[in-house]
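Written below as structure tokens is the structure these notes are about.
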């Protein structure tokens, strides 16, 4: 792809998200979401492969349906209230339709089926953009309207997302599908607490962005697209392979890594809301995700490839790491000490 075209598309992605984040009018927010969708589709199809074209088609149809539902719900709300303000979603019918539309855009269960298939047909860099940057605008709209959304619907979708996100990743060998189910599970934790404490949902989103970005950048550096390639990562970059194990533990939510921080605070908030049974179910569903993260760590550290590769293999990967990956790895492992500060702010 031409550098000029690439810079234009990346600028459009940034503009679309910024327009949605800074808007107070529903039509302007919808325009930002549309710019976002149209900007990423050429990035998805730049590989010129049938799987990439299939992923782009699935993504376009899903996002177009969700955008139509958003426009439909906001039009009904404007018809009933006479206002297009984002913060004014008072009628229950358009609010439920809006919740479902944003769930489709984010890939929250039971509207998650498009996400693993779409990610599997893309390269790692586009998967990184789709799993991180593309979540910002819909999640911002959900946070802005969180005080008016149906809490029972959000809790049901959150529990379903964490269970499906953990269960779906158990039998996967492709890293992109594993990261897709990981994204579904993390989104479940975000929308669980979004109507009780939006600040905790924002914290969870920020830590999710750090962990997912570091994981995708490491997979991109090691060129590991499945578990077999992951098992020979020690031969390429031993330090990066060890760091990936720490990041996997952080994604699973094990202390003392950064991934434990949002889960701990969310479970604490749920028990304050007298939702002890729901907290127990969420904690048990997190064990499903933790299992396949531990299995990946085992694959990295204690297994060898099942067959002898016919291709030449570099004993040490002579590729200078960027400064971004070490910073993200350090953030993935060392954000627990700021917990008292976050509790004071909350």
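The backbone N, Cα and C atoms fix where each Cβ goes, glycine too.
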Matching range for TrEMBL feature annotation, transmembrane segment, among 129-149, 234-254
234-254
Across the domain 'NADH dehydrogenase subunit 2 C-terminal' (290-342) the predicted model averages a pLDDT of 72
Do at least three CB pairs under 8 A connect the transmembrane segment (274-294) and the transmembrane segment (153-171), leaving out pairs fewer than 6 apart in sequence?
yes
Comparing 26-44, 56-76, 234-254, 274-294 for Cβ pairs under 8 Å with the transmembrane segment (321-345), the winner is 234-254
Is it the case that the transmembrane segment (178-197) and the transmembrane segment (274-294) touch, counting contact as three or more CB pairs under 8 Å in which the residues of each pair are 6 or more positions apart?
yes
